[in-house]
Ligand code: HEM
């Protein structure tokens, strides 16, 4: 809900500026932006994500000053950063652990959006920009993981770029064009570095649009009912600045525990071995945040169909606003969809588990030497993943009867019989 | 909650999810063998753990006298040995390049160099700024001397294997376990159930009494104190080696943990203050 601007320049200089470039006005309007008064902690992840992006860019720019993108020197340069650059160990871990934290936050943020129906009109563009951000984030993380030039860097890059080779007719040329040669090598490493440095700024620009769209239509909220009167809202500052700040501090505690005490818990031991094109690791496994997609990729025997499925798993997110046709946004009032949503989350975890497992190993034993393999389990979860978007939500959109909803945020907060009095914010 | 691998981490999350849905999972098995992995309680484990520096000093000796005939330590410089949090740190020598032990260790190695006057390849004693030199001139030479296998660099070995400290320790101890039926060991390979696949090109490097432990301990000020040297059993040498290699893989661990503690205390206090501010700002607001 972008109301009329309430900013009044107080000083002559501010007034002068306001008539020429209303940038102070923009900041002031941002701080007083009317936000729904009932936002819960799930709504703090947007701010947390903004911080994650800043952390990645700052640590990354400094790392780039010491990193050498050359197949003979890259691994050693990272060792040098960890051993010799003052506080290099901190920066390097911060960037690596930070990537995991970023994805942790983005998944919370996305599940939040899925649950409260934040992708529905009029927020389709916020959601689509979010999906675009997520896509670029995945590309950035993949490119970045190649840079330390460990065994998993090299083989991960080889496997993933190998999938482009499966594209009919142009596949092989496409793959060579991407790699700058016949295999992952110096040309690949250099272009990956260039792109890895570029993409975070693309993300920053997309985030700008994302927040712009958000401020244009206003934020959704846990009950999914639009803001109607002023009593439905609170000024962003101080109410949500302080709530976001608290959430950020708690998030940083978790970040710090990993950073200082479990810096390798989310990584692979194999990446401490320098890349060796002659030695394939026993298991090539991507980072944890890609595991669900890796399971979808391997859910079918055909390479090509596998990539199409994986791409489809992301494309389907983009069109979600038109797949879920139900009028009610928040799943709090959708008794049926809610259970399918919870099952969807469970399936995402199962997909992640299957992505980490060896396809032919038994995942769920049923008697001696028999059971459901990771391959089969991954297939089942993949089917559910797509069914959730393509079948369950569209059908529920037609048939589900929602629970009774409050008339407004104010009434939801104070009960049906209260007027808007007594809602005045402190100070 | 130290999840050693991503897989364990994911498994942990899944087991949590599984308890809801009633799914059970079976852990996969490695090589069939009677060998029981030992999991010593390493002094460097846990949020306050530190290296056992005296053991790491002995571990350096084992590395120097045994492993260094095959394995390099190329990401470690001699001066690193005298850094804060390193085995030979002396409080009186903040600059490790002045540390007498570090100087001696460096001089004990031969470094290949170019003579500035003549341009000839020469050999000179190491200086503190040098890195540990390569053991073999190239990979082909390394392979030729080791039955086709390259002895990997040991700088980050403890990080380069899952549960690396236990891994290296058990790798040393597991030699000589009975070879299971049906397993064929070709010449040049050795049975070691800890190694992935059970076959390793490295012969058992340690044997009882291989290293003469000095009956001295170096204190923070570089003074030697006479102590009873431990017996050089395979267990003792492996333990000491792991202390040294754990340090070489993670030389900033002690700094990391102490900065971590300060950061956490700061962040927890900050969270509390922000929570109180939140409560205060929102005190009259229903939401
Ligand atoms: C760099 C990554 C991202 C940043 C910095 C970011 C930032 C933000 C911020 C600051 C907000 C408002 C506060 C909040 O609701 O939490 C927001 C809202 C939103 N974001 Fe993101 N976001 C990111 C990625 C994504 C992704 C990947 C998606 C989904 C695919 C997404 C979907 C949404 C939606 C739908 C809203 C509106 C929520 C509502 O009004 O209920 N965002 N984002």
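Yeah, the Cβs are placed from backbone N, Cα and C, and that goes for glycine too.
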Site co-member for heme c according to TrEMBL, given B:67, B:70, B:71, out of B:195, B:202, B:253: B:202
Transmembrane segment range according to TrEMBL, out of B:219-238, B:259-278: B:259-278
Surrounding residues of the transmembrane segment (B:259-278) on its own chain - C-beta under 8 Å, 6+ positions past either end: 47
Averaged pLDDT score, the domain 'Cytochrome c' (B:54-151): 96
Site of maximum Cβ density within 10 Å, from binding-site residues B:67, B:70, B:202: B:67
Most distant Cα pair in Å, residues B:67, B:70, B:71, B:202 binding heme c: 11
DSSP three-state assignment for residue B:67 (heme c binding site): helix
